[in-house]
Ligand SMILES: *[C@@H]1O[C@H](CO)[C@@H](O)[C@H](O)[C@H]1NC(C)=O
């Protein structure tokens, strides 16, 4: 019996330790793909050097991804018989830009480390790199990595959760608050709509 209890205890420790490994970390790809971040940065800088507005678009793409099911790249999924694409949700259709920039960064990263770096992480890094590149002395941050890509998307959730241009201020504030974002965050993110 004591052996069984000990075995169960060890198994629980194992579960806990794997749960810890699943935590995001800025060192997530240091061993598995050490050039991931520099490769993404080069791709993002190339795109913004070509069209400066792309910096704003990539930040907006990131937060429109995160508002729906979390930062899981669900926004990249196209419509299929089993997937309701978020691309055609009201707040995204014909206004979210930069899909091809993320695709390009992903294909560069796939060339050096096939099947290692998630699209969700690429989007998060791209938004940071875009901000850092266009705002001298402006905001940059360490991006914690290790997100998994979603295999599902939800236009219904996208339509329900993303801020709409006709929302009143109190509604906008509550939408951002639900995602843990302040009024100050909302103003900063709204500034990327250009
Ligand atoms: C998205 O935009 C296209 C092109 O303007 C339009 O044909 C389509 O109906 C829109 N989709 C949705 C779901 O509103």
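Cβ coordinates come from backbone N, Cα and C, glycine included.
According to TrEMBL, the protein carries these features:
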- 64: active site, proton acceptor (ACT_SITE)
- 193: heme b binding site (BINDING)
- 33-113: disulfide bond (DISULFID)
- 66-71: disulfide bond (DISULFID)
- 23-194: domain 'Plant heme peroxidase family profile' (DOMAIN)
- 60: site 'Transition state stabilizer' (SITE)
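Features as recorded by TrEMBL, highlighted on the structure.
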residue	record	contacts (Cβ under 8 Å, 6+ apart)
33	disulfide bond	109, 112, 113, 116, 117
64	active site, proton acceptor	75, 86, 91, 92, 96, 158, 162
66	disulfide bond	179
71	disulfide bond	62, 65, 120, 123, 124, 147
Overall pLDDT of the domain 'Plant heme peroxidase family profile' (23-194), taken as the mean: 95
Where residue 60 (site 'Transition state stabilizer') falls in three-state DSSP terms: helix
Sparsest Cβ surroundings (other CB atoms within 10 Å) among the recorded positions 60, 113: 113
Structural state of residue 33 (disulfide bond), classified by DSSP into three states: coil
